[in-house]
Amino acid sequence: MINIDGSYGEGGGQVLRTSLSLAAITGEPIRIAGIRAGRRKPGLAAQHLTAVRAAARICHGELQGDALGSTMLEFIPGGGVKAGNYIFDVSEVQQGGSAGAITLVLQTILLPLALADGDSHITLRGGTHVIFSPTVTYIERVYLPMLCRMGIKAQVKLGAWGWYPRGGGEVNLQVKGGCQLCGLNLLERGELKRVQGLAVATELPAHIPQRMANRAENLLRTAGLRVSMQALREKGVAPGAGIFLTAEYCNSLTGFGGFGRLRLSSEKVAEIACGQLLQFHETGAPVDEHLADQLLLPAVLASESSQYKVAEVSTHLTTNAAVIEKFGLGKITVNQAERVVAIASSKV
């Protein structure tokens, strides 16, 4: 059994999700102690518990410690990941519903299902656009297209918007099984081709997304970027608003966003998202700090070595690298000075 210290590094949920994914893929049983010890409320929250049970379900695994607030977990996979049709609902584990990010559940089970024999269809319910988590828009426009370059074939479709704190969103995920993963060489991003933006509001006046879109377009055009904005007013179970920007370079993709909240103007929400994008643009790097740690797992499972340059070497990145190496699947080297990540898969 592989013992994992959940308090290592940034002490967040990434340690748990990566461990669950690799345990399901390799069949290695794991014990995690100190789950999310670095967070204000340690232990398993609704989205983490849903991810735990989802990982166990797709491989008929056994669990101990799978409860809200638990800081200790044992997971014994049960004989290979099984492709199929699955439904995972974050609100089921927390009475009254939850906006727990379903994208974190998605990222936990995606690679195991992509490597399984047969195709899978997964319905996920909960929060689709939640602060401090990848949004479904980011998954659709950045994460999955980048993973497609590495051989992973998956599509996501947003069925209903789900914001914090209500949730109530739904996503349908299609995963092609039997994928053969290849490496990624991404040291240069090339020229910026375009920025695409989506400003959206549910159960709120139409002027809110339009103001976000107008402000973002003005800021990005002033900065000399080619931009195309779309403003949408959608139906939802609760009010919510946000703006989501995707920058397409010749060799890479990146995405940033901002969320509306009380006493924060639509224009300010747009300024926050644009500020993040412009700051990244100035780094010259092809990979943003969030995608940097998300690419590690497919890279270490690939049949070729990978290397890519990142905008920032975050604690999230180095923590995830340390967890992956616990499974003996390869060697990850992070050059802090050059901001280059090199992954030598054991399959090479």
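Residue numbers in this text run from 1 along the chain shown.
The backbone N, Cα and C atoms fix where each Cβ goes, and this holds for glycine too.
Keep in mind that this is a model prediction, so the values were computed, not measured.
ATP is bound by H290, L291, A292, D293, Q294 in Swiss-Prot, and the record lists one more residue there from Q64, Q94, Q107, Q155, which is Q107. Those same-chain residues not listed among Q107, H290, L291, A292, D293, Q294 yet with C-beta within 8 angstroms of the centroid of the ATP site C-beta atoms are P134, Y143, D288, E289, L295, L296, H316, L317.
Largest Cα-to-Cα span within the ATP-binding set Q107, H290, L291, A292, D293, Q294: 14 Å. Counting only the Cα atoms, the space from Q294 (ATP binding site) to H316 (active site, tele-AMP-histidine intermediate) is about 10 angstrom. Annotation for L291 (ATP binding site): same-chain Cβ neighbours under 8 Å, separated by at least 6 residues, are V142, Y143, M146, T254.
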